[in-house]
Amino acid sequence: MRFYGQHSVKCQPDGRWNYPYPQCGGTVQCSKPTKNLQFVTLSDEKTEYGNSESLIYTCKKPYNESAGGVLMCQNGNWNGTYNCRNKICPPPPYLQHGDYSIISTKDDVITAVSYTCQSYYVLTKQHEVYKCVDGKWETPPKCLRPCEIDDIVKKYNLQLPTGKVYIRHAEKYRLNCRDGWNTGSEMKAYVDVSCSDGNLQIDKSCDAQNNSK
């Protein structure tokens with residue numbers, strides 16, 4: 001059996017437990033490593049690898065200052081990453097939920113990149129160029145997670161939208177109160193919710209009935 005998620009969870013201010021939730025299940029396997037895959041050749045390339053199975057890789061030019069190495073699948077995770085180097089620069093840092101575009105090279109070695117995020121993810125620093133200086137890359141940005149408007153809004157007497165709705169980090173989205181309810185002192189029939197790196201922020205509730213005095 002494989003353990004998924006975090007080893008501890010915390011109740012957020014909005015009353016939800018932080019994701020991913022811990023759970024056990026499934027066969028212990030590792031997916032094919034994707035970080036810097038374009039810089040290596042795999043000896044036995046496949047989609048899934050069993051527990052304790054080894055993966056031999058060789059580094060491609062011009063990152064073959066180190067010839068290659070061996071990774072092992074341990075309890076659903078690889079015990080390392082591809083270690084490919086060049087005396088000028090190593091491969092650009094991997095960005096989870098994102099990718100990079102090459103800005104400049106030297107002797108076919110990448111020396112500057114810009115990053116972008118997948119749809120609905122937000123880059124922490126926009127329109128920045130990241131360079132390799134003295135053989136080390138500048139710290140890359142992050143891709144901040146979107147939020148899904150889900151059933152938690154019902155706890156605040158808010159109407160759930162029809163269909164799936166995602167909002168980006170720092171964006172706001174207006175939700176209507178359930179019929180016959182409002183926000184109380186402000187007497188508003190709606191609440192503006194926002195997203196903070198995957199956590200839906202709801203600071204008001206429709207807790208007053210329209211006919212209440």
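Each residue's number is its place along the chain shown, starting with 1.
Backbone N, Cα and C define each Cβ position, glycine as well.
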Item checked: Cys30: disulphide-bonded cysteine as recorded in TrEMBL, out of Cys11, Cys24, Cys59, Cys73 -> Cys73
Check: TrEMBL annotation: Cys89 disulfide-bonded to which of Cys59, Cys117, Cys132?
Finding: Cys132
Next item on the list: Output, ordered by sequence, the same-chain residues six or more apart from Cys89 (disulfide bond) with a CB under 8 Å from its CB, or 'none'.
Entry: Val109, Ile110, Thr111, Cys132, Gly135, Trp137
